[in-house]
């Protein structure tokens with residue numbers, strides 16, 4: 001095994017029995033042959049489960065919507081990319097020549113995806129207990145810094161953080177109607193989210209309020225919140 005990969009194993013805190021799993025987890029789809037997308041899918045599911053389990057135990061009084069918002073904050077791409085940079089993961093990625101030239105080893109989404117793929121690889125290599133231990137160790141700083149105050153953000157911010165945690169495009173807002181006199185207007189705003197087949201609507205006395213209402217409706221439609229949180 002490459003000494004460099006041995007160094008990465010020490011940083012991750014896991015020594016792979018099956019080195020091919022580790023190499024596959026570091027292989028981007030731009031590289032020829034098999035890639036890490038299936039491992040990323042598996043790792044994403046494990047990450048969300050472990051994070052959800054930890055939050056459930058840590059915040060026994062939190063409501064479902066609050067737990068969902070905390071998890072979205074915990075597993076968003078930005079957080080994972082910061083962890084990946086701490087492991088200097090970009091140095092170990094297998095990328096196609098085009099991605100290398102464009103700086104793909106620094107790109108947030110590629111780093112976050114590779115870290116999720118490594119979680120999936122650790123699970124296949126050593127089981128759920130090992131994967132849980134690594135995830136909780138990596139996220140310990142973020143977990144310790146979370147409070148229920150973090151769930152008191154406005155709907156637009158919560159929606160943006162949820163979508164970022166899924167590596168999705170940010171929502172788009174558009175004013176579709178304005179009614180009433182200049183001193184007493186009502187704005188109608190549409191919110192378009194890539195994960196939803198239909199746009200959500202919001203109405204309010206200002207564009208800002210209407211956008212917040214539309215974002216709240218999108219969170220409910222996505223199943224992130226139930227309208228009672």
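Positions of Cβ are set from backbone N, Cα and C atoms, glycine also.
Look at Swiss-Prot and you will find 5-127 tagged as domain 'RNase III', backed by sequence analysis.
What Swiss-Prot lists as Mg(2+) binding site is 40, 113, 116, and the listing cites sequence analysis. In the three-state DSSP scheme, residue 113 (Mg(2+) binding site) falls into the helix class.
Per Swiss-Prot, active site is recorded for 44 (among others). Using a 10 Å radius centred on the Cβ of residue 44 (active site) and all shown protein chains, the other Cβ atoms total 21.
According to Swiss-Prot, the feature active site maps to 116 (among others). All chains included, 27 other C-beta atoms sit within 10 angstroms of the C-beta of residue 116 (Mg(2+) binding site).
Positions annotated as domain 'DRBM' by Swiss-Prot, on the basis of sequence analysis: 154-224.
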Exercise for the section: Let me know the most crowded of the binding-site residues, choosing from 40, 113 and counting other Cβ atoms within 10 Å. Expected result: 113
Problem - Secondary structure content of the domain 'RNase III' (5-127), with strand meaning DSSP E or B - result: 90 helix, 2 strand, 31 coil
Problem - Integer Å distance between the CA atoms belonging to residue 44 (active site) and residue 116 (Mg(2+) binding site) - result: 6
Exercise for the section: Within the same chain, and leaving aside 40, 113, 116, name every residue whose CB is within 8 angstroms of the centroid of the CB atoms belonging to the recorded Mg(2+) site, in sequence order. Expected result: 36, 37, 39, 41, 43, 44, 112, 114, 115, 117, 120
